[in-house]
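**Student:** Among the features that TrEMBL reports, domain 'MobA-like NTP transferase' is placed at 52-138. Annotated phosphoenolpyruvate binding site per TrEMBL: THR148, GLY164, SER167, in sequence order.
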Amino acid sequence: MLKVMRAAAENPGWSIVVPVKTLVIAKSRLADLAGPHRAAFAVAVAGDTVAAALACPAVARVVVVTGDAIAAEALGRLGADVVDDPQAGLNAALRHGAAHAVRLAPGDPVAALQADLPALRPAELATVLAAAGETEESFLPDAAEIGTTFYGVRAGLPFRPRFGGESRARHLAGGAKELVLPGVASVRRDVDTPADLADAAGLGLGPRSSAVVARMWNPGEATLIDVQATVRSFDPNTRSGSVFLDDGTELLFDAAAFDAGPLRLLRSGQRVNIALDGDRITYVTLSTFPLPD
Ligand SMILES: Nc1nc2c(ncn2[C@@H]2O[C@H](COP(=O)(O)OP(=O)(O)OP(=O)(O)O)[C@@H](O)[C@H]2O)c(=O)[nH]1
Ligand SMILES: C=C(OP(=O)(O)O)C(=O)O
């Protein structure tokens, strides 16, 4: 036991901070391709990213920063520590998550990792973390070599992420060391456009993203059906949420589906009637209310 504790003290695990934007506005550049599956795709991609990070032996904890109730619930269930978004932009969200991580484990190095890495492999992240541990402040450029997917600092050093747009140049100008490593394609493959997604699919998507992509690309016959379900979560700010079908399938609904119905609020556990077009929810009402013809 003592040996394990000493080994842990000598090789502290990384705290990985993952920022997740509000789902209804996330992945705007994939809106045409993803259609009604856009929010489900964003949460699936973040889920695969977080699950792969948690499976990496060099990672001690994953802190997700999000103001989105659905993402918070889904990523918390995977084992991430979720903190609220200060709503002051991406870098402020990252600094907030990093401060939380430092309070939890002041002796551990801290990194930011983008949430849109659906092909992320734990072993490739371990390669990046090993290299990052050799230097005070470092970053990994994205596959396009314009942005950044990873930024990390050793324990006790200031955490100064400069994400957003052309962040590779800003991280370089700020003095962070650029990591140039073979065999880390999955850590660099962020997905913003359909071409990025095709590239990530070539590397191998994680199970959650792969399931949503299968629905996006093979929607099958659009079927209009009415079914009962149970509310899992509802965010009054975005008027979106998710329900469980009685077979346990979780489906997300957006503000358009909620606004189509007569309700003002939903609570977790409430029974509802929903109208489905394929697997897209188009209408939500209480189970005691009728659905429109
Ligand atoms: N918590 C938090 N995360 C953010 C914020 N802005 C962006 N992100 C996250 O930062 C990463 C990069 O975000 P973007 O590429 O700007 O946004 P996106 O939703 O992935 O895609 P677009 O809508 O196409 O720009 C993703 O992991 C986002 O979820 C923010 O204000 N707060
Ligand atoms: C936020 C960034 O990336 P993107 O907008 O491409 O996801 C970035 O690379 O800093």
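Keep in mind that glycine also has a Cβ here, set from the backbone N, Cα and C atoms.
Describe the structural surroundings of these features, if you would.
**Tutor:** Confidence for the domain 'MobA-like NTP transferase' (52-138), expressed as mean pLDDT, is 97.
The Cβ of SER167 (phosphoenolpyruvate binding site) lies under 8 Å from the Cβ of GLY147, THR148, each of which sits 6+ residues away along the same chain.
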**Student:** Among the binding-site residues THR148, GLY164, which residue has the fewest other Cβ atoms within 10 Å of its own Cβ?
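**Tutor:** Comparing Cβ neighbour counts within 10 Å for the binding-site residues THR148, GLY164 gives GLY164.
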**Student:** Checking the spread of the phosphoenolpyruvate site as listed (THR148, GLY164, SER167): what is the longest Cα-Cα distance, in whole Å?
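**Tutor:** Greatest Cα separation within the listed binding residues comes to 8 Å.
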**Student:** With DSSP as the reference, give the number of residues of the domain 'MobA-like NTP transferase' (52-138) in helix, strand and coil.
**Tutor:** 38 helix, 17 strand, 32 coil
